[in-house]
Amino acid sequence: MLASPEPKGLVLFTKESFELIKQHIAKTHNEDHEEEDLKPNPDLEVGKELPFIYGNLSQGMVSEPLEDVDPYYYKKKNTFIVLNKNRTIFRFNAASILCTLSPFNCIRRTTIKVLVHPYPFLLTSTFFQLFILISVLIDCVFMSLTNLPKWRPVLENTLLGIYTFEILVKLFARGVWAGSFSFLGDPWNWLDFSVTVFEVIIRYSPLDFIPMLQTARTLRILKIIPLNQGLKSLVGVLIHCLKKLIGVIILTLFFLSIFSLIGMGLFMGNLKHKCFRWPQENENETLHNRTGNPYYTRETENFYYLEGERYALLCGNRTDAGQCPEGYVCVKAGINPDQGFTNFDSFGWALFVLFRLMAQDYPEVLYHQILYASGKVYMIFFVVVSFLFSFYMASLFLGILAMAYEEEKQRVGEISKKIEPKFQQTGKELQEGNETDEAKTIQIEMKKRSPISTDTSLDVLEDATLRHKEELEKSKKICSLYWYKFAKTFLIWNCSPCWLKLKEFVHRIIMAPFTDLFLIICIILNVCFLTLEHYPMSKQTNTLLNIGNLVFIGIFTAEMIFKIIAMHPYGYFQVGWNIFDSMIVFHGLIELCLANVAGMALLRLFRMLRIFKLGKYWPTFQILMWSLSNSWVALKDLVLLLFTFIFFSAAFGMKLFGKNYEEFVCHIDKDCQLPRWHMHDFFHSFLNVFRILCGEWVETLWDCMEVAGQSWCIPFYLMVILIGNLLGLGGLRKLTIMVEEEAGMSFFTLQQQGEVQSEGGVSPL
């Protein structure tokens with residue numbers, strides 16, 4: 001069963017309670033007990049705020065060891081918690097084993113206070129976390145620089161000292177190895193410790209390991225993940241999804257291996273077939289050169305090239321394969337296409353080609369190469385591979401990801417359903433108690449303020465109490481009472497009977513269905529006029545579009561004026577769509593006033609916002625936009641995680657391959673100039689990683705293998721492709737789930753807004 005959410009209360013963690021916990025755990029190990037089925041309470045996880053049903057946090061309990069309020073940890077794991085001023089939960093192991101100090105040791109208590117001390121303006125972060133995060137961000141900035149300043153060693157030593165101080169604080173506060181909440185119980189601490197120790201050893205080693213040091217230091221970018229609880233939780237969910245995908249990954253590798261072996265049997269050596277020039281002077285010399293002279297076949301000028309092509313024309317010996325022009329014969333000579341990296345001559349390269357085909361990167365060129373070299377009948381092979389891997393396997397991946405997300409969602413939902421009713425009941429009781437106390441306090445204050453005789457009835461006191469509570473509720477509103485008085489005086493126009501009749505007449509016109517239909521037609525026509533713009537335009541077209549813009553601005557301005565008359569200024573600006581319409585109108589008027597001012601052509605771009613006016617009359621469009629906006633806000637952790645991964649990959653690639661591109665640039669360019677896509681600096685490395693995630697990676701991989709070799713380039717590219725696609729597919733699935741959930745909620749919200757707008761449009765107050 002789940003841990004009972006009934007509040008246990010906050011109690012200081014003392015030596016007596018420590019002994020009681022140890023005795024209880026020893027007893028449960030010796031006896032079978034129902035508590036073996038206890039599970040952690042998700043509302044009491046590390047990093048969350050302690051619910052108020054567990055009592056008030058006194059000043060003497062802040063940053064002090066407390067007994068764990070979660071029965072699962074209290075009865076089974078021998079832990080204690082520490083709360084800071086923001087009631088954020090930090091959990092520590094209490095066992096004093098393996099170089100772990102006692103929970104009552106002054107050194108450990110001091111380091112715990114350093115670890116949990118909150119930052120005043122960030123409720124979810126501690127000062128220690130913020131300090132480390134700023135250090136990591138500074139380190140990231142300097143990692144992205146190619147030309148480092150002279151004081152770089154000072155900065156590196158300072159950052160190394162900060163990271164060492166972080167490790168020491170965590171070691172003293174959490175202990176070396178005392179359980180899941182100790183220093184080595186967190187895998188992210190393993191990463192920090194490994195990189196720091198590696199940097200210290202290399203920095204003070206007599207050998208020159210500077211390139212290796214710069215590459216290893218890029219792992220510090222990943223420290224951003226454990227410093228953000230949302231990113232850390234998201235990584236845990238993705239790892240859970242990855243475990244679910246292990247079976248699909250093994251199945252994919254199995255089929256890739258089978259088709260690689262089939263490809264080797266069908267196309268081994270075929271991609272070396274080229275059109276070779278046949279000498280006409282001596283037939284015997286020709287035969288000798290063809291069979292015995294290796295230098296003749298390596299001369300590239302003897303191959304046939306199509307105009308503008310980098311590689312020689314491929315050919316085949318079948319009738320349906322590519323044929324050579326007159327004076328050339330088809331022979332197996334030279335290297336394979338694409339700098340020798342596209343072939344089926346071995347299992348590894350065949351597997352690489354099949355992976356490229358599965359990823360659908362530059363597949364049409366591969367089709368043409370095989371069809372020219374082997375024949376058109378082998379198109380069947382590529383159709384089967386493309387259908388199996390590009391569509392079936394991709395659908396299988398998405399299906400497994402969807403199942404993993406649904407399981408996680410159901411698990412959290414079941415836990416919330418079992419825990420939430422008791423929490424709500426306790427919360428209601430707490431709220432009722434607070435309201436009772438507040439009412440008593442108000443009554444006491446009223447008695448003190450006014451000298452009431454003993455004959456005064458209690459009803460008068462209660463009426464005064466209710467009035468006082470109403471005043472308190474009014475004061476809690478966003479706007480002050482002065483603003484409401486100002487609005488009633490100046491923004492609600494009830495001047496005279498004639499004006500009220502005019503307002504009623506305008507209200508009937510502007511709220512009529514035919515008026516809405518007319519406005520919808522105007523919006524659609526305005527969009528059509530915007531699509532007619534092109535370059536260059538004739539004077540007649542330009543004049544027509546300008547006149548149309550004036551007409552539409554006039555119509556939208558008249559709509560705004562009539563609605564303000566019908567609804568009062570106060571009621572008009574209470575509706576979000578009316579505020580948007582007024583912004584469109586003001587933009588159009590400002591654009592007309594600044595039409596002849598130089599540099600104001602950018603204002604024309606905002607005309608495209610007029611299409612969103614359709615959302616007011618198109619509920620489906622409005623629901624979709626509402627759902628997408630709410631979903632993107634909820635996906636902020638995933639977007640931040642994806643950006644962190646791209647930044648890390650770009651910095652890692654620059655440190656790993658940057659010098660190789662500079663030293664061996666002549667291998668990929670005859671003029672020894674860096675190509676457009678390279679990783680010599682951070683900017684181009686970032687663009688290259690982004691291109692890899694977009695699915696176009698094989699051409700830049702060929703250049704990378706030319707300058708840096710296959711042993712580093714292939715693993716780096718596979719890491720970026722696989723992890724990037726996992727993040728992308730996971731985000732796509734999560735976005736789909738959130739849009740589905742938000743769509744229903746948005747529908748009811750829009751219905752309520754529509755009822756309020758239709759019923760209360762004329763009299764807003």
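Note: Cβ is positioned from N, Cα and C throughout, glycine not excepted.
Small disclaimer: the values here were computed from a predicted structure and weren't measured.
Annotated features, as they stand in TrEMBL:
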type	residues	note
DOMAIN	126-411	domain 'Ion transport'
DOMAIN	513-727	domain 'Ion transport'
TRANSMEM	127-148	transmembrane segment
TRANSMEM	160-184	transmembrane segment
TRANSMEM	245-267	transmembrane segment
TRANSMEM	377-405	transmembrane segment
TRANSMEM	509-532	transmembrane segment
TRANSMEM	544-565	transmembrane segment
TRANSMEM	585-606	transmembrane segment
TRANSMEM	638-657	transmembrane segment
TRANSMEM	714-732	transmembrane segment
Positions on the same chain near the transmembrane segment (714-732), where near means CB under 8 A and six or more residues out: 237-238, 241-242, 352, 359, 397-398, 401, 405, 635, 638-639, 641-642, 645-646, 649, 652-653, 656-657, 689, 692-693, 697, 701, 704-705
Residues from the same chain, set at least six apart from the ends of the transmembrane segment (509-532), whose C-beta lies under 8 A from its own: 541, 545, 548-549, 552, 555-556, 559, 562-563, 566, 607-608, 610-611, 613-614, 617, 761
Intrachain neighbours beyond the transmembrane segment (245-267), with Cβ under 8 angstroms and 6 or more residues off its ends: 344-347, 350-351, 353-355, 358, 370, 373-374, 378, 381, 385, 388-389, 393, 396-397, 400-401, 404
CB contact flag for the transmembrane segment (585-606) and the transmembrane segment (638-657), at least three pairs under 8 A: no
Long-range Cβ neighbours of the transmembrane segment (127-148) (under 8 Å; 6 or more residues past either end): 114-119, 155, 159, 162-163, 166, 169, 217-218, 220-221, 223-224, 227, 647, 650-651, 654-655, 658, 680-682
Beyond the flanks of the transmembrane segment (377-405) by at least 6 residues, Cβ under 8 Å: 237, 240-241, 244-245, 248, 252, 255-256, 259, 262-263, 266-267, 320, 354, 357-358, 360, 363, 366-367, 370-371, 729-730, 733-734, 737
PLDDT averaged over the residues of the domain 'Ion transport' (126-411): 83
